[in-house]
Amino acid sequence: MNDIENLDQPPAIFIMGPTASGKTALSIALRQRLPVELVSVDSALIYRGMDIGTAKPSAEEQALAPHRLIDIRDPAESYSAADFRKDALKEMADITAAGRIPLLVGGTMLYFKALLDGLSPLPSADPQVRQRIEQQAAELGWEALHQQLAEIDPVAAARIHPNDPQRLSRALEVFFISGKTLTELTKISGETLPYQVHQFAIAPVSRELLHQRIELRFHQMLDAGFETEARALFDRGDLHTDMPAIRCVGYRQMWSYLSGEIDYDEMVYRGICATRQLAKRQMTWLRGWGSVQWLDSDKPGEALDSVIQVVSA
């Protein structure tokens, strides 16, 4: 996952980082100083009506620095890494054609990887195969299907939890359609990104400080009306916790509260813990990322200058 060295290719900037690390603020500041246009790389910000719980850039922030690929799906709709790559490449081409630089900002590391390294040649979803798998699950339980996957593809089974029906179903579906395991197919990469990419990761030096920010921001979301926002989605009646939108951090815990499974205090506790776990996963991705320049989110001025210096060189 190295920077693309071909200087004949147009430039692009990646601003990556864990949740609550200051990515949005840095990107908006860069928009004031460089000829950049922002493209969101966030699997939660794509959904309309999910603003507070996703920490979506405010109307004022988007007026200062419009973000592309925000509010492009209803929460009932699906959106894959392949969908993102196709949409992002189009936005990047449009930005480059206008003589500006695409700045991709977010924390969905799978999307960044798909964009940078291309996608493995996985088969498209097959509703009939998926239905057959779900019928098996209803009869035998997901634990039995997980054991089946362990025989077919032990590497994937070790990565996928038995209580993760979406990923479990997909791993089985890939094998039933293609005759090849998910592990085999994901080793084959697709097209790389035709840009000279400057990659940055922003995070606090202290993990404790990041945890404090996460807790503070979750309480700020609640004060801003997160429960009301989630209840509006809950009351629609067509959304449930098997959908990617409702599995987003914060919304899943709010759903448990609204359905009476847990009380308010437990929802807050679980929401903060889940957000911390998300940040930990994001940091794990980034530490193994390769060619990336780290920025200290506690020194925003220095971070801004560092990006400008590298991009302008």
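One-based numbering along the chain as shown.
Placed from the backbone N, Cα and C atoms, the Cβ positions cover glycine too.
Going by Swiss-Prot, these are the annotated features:
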type	residues	note
BINDING	G17, P18, T19, A20, S21, G22, K23, T24	ATP binding site
BINDING	T19, A20, S21, G22, K23, T24	substrate binding site
REGION	42-45	region 'Interaction with substrate tRNA'
REGION	166-170	region 'Interaction with substrate tRNA'
REGION	247-252	region 'Interaction with substrate tRNA'
SITE	T108	site 'Interaction with substrate tRNA'
SITE	R130	site 'Interaction with substrate tRNA'
### Query
What are the non-local neighbours of T108 (site 'Interaction with substrate tRNA'), defined as same-chain residues 6+ apart in sequence with CB under 8 A from its CB?
V41, D42, S43, A44, F84
#### Entry: Local backbone state of R130 (site 'Interaction with substrate tRNA'), from DSSP in three classes
helix
### Query
What is the average pLDDT across the region 'Interaction with substrate tRNA' (42-45)?
98
### Query
Under DSSP, the region 'Interaction with substrate tRNA' (42-45) has how many residues in helix, strand and coil?
0 helix, 0 strand, 4 coil
### Shell of the ATP site beyond G17, P18, T19, A20, S21, G22, K23, T24, same chain only (C-beta within 8 angstroms of their C-beta centre)
G107, I202, A203, S297
## Note on the structure
Taking only the CA atoms, the spacing between T24 (ATP binding site) and R130 (site 'Interaction with substrate tRNA'), expressed in whole angstrom, is 38
### Query
Roughly how many Å separate the Cα of G17 (ATP binding site) from that of R130 (site 'Interaction with substrate tRNA'), to the nearest whole number?
34
### Query
What are the other residues, in sequence order, whose C-beta lies within 8 angstroms of the center of the C-beta atoms of T19, A20, S21, G22, K23, T24 at the substrate site?
G17, P18, A25, A55, G107, I202, S297
### Task
Sorry to bug you, but what's the C-alpha spacing from R130 (site 'Interaction with substrate tRNA') to K23 (ATP binding site), rounded to the closest Å?
37
### Query
Where does K23 (ATP binding site) sit in DSSP terms: helix, strand, or coil?
helix
### Query
Counting only other Cβ atoms and using a 10 Å cut-off, which of the binding-site residues T19, S21 scores lowest?
T19
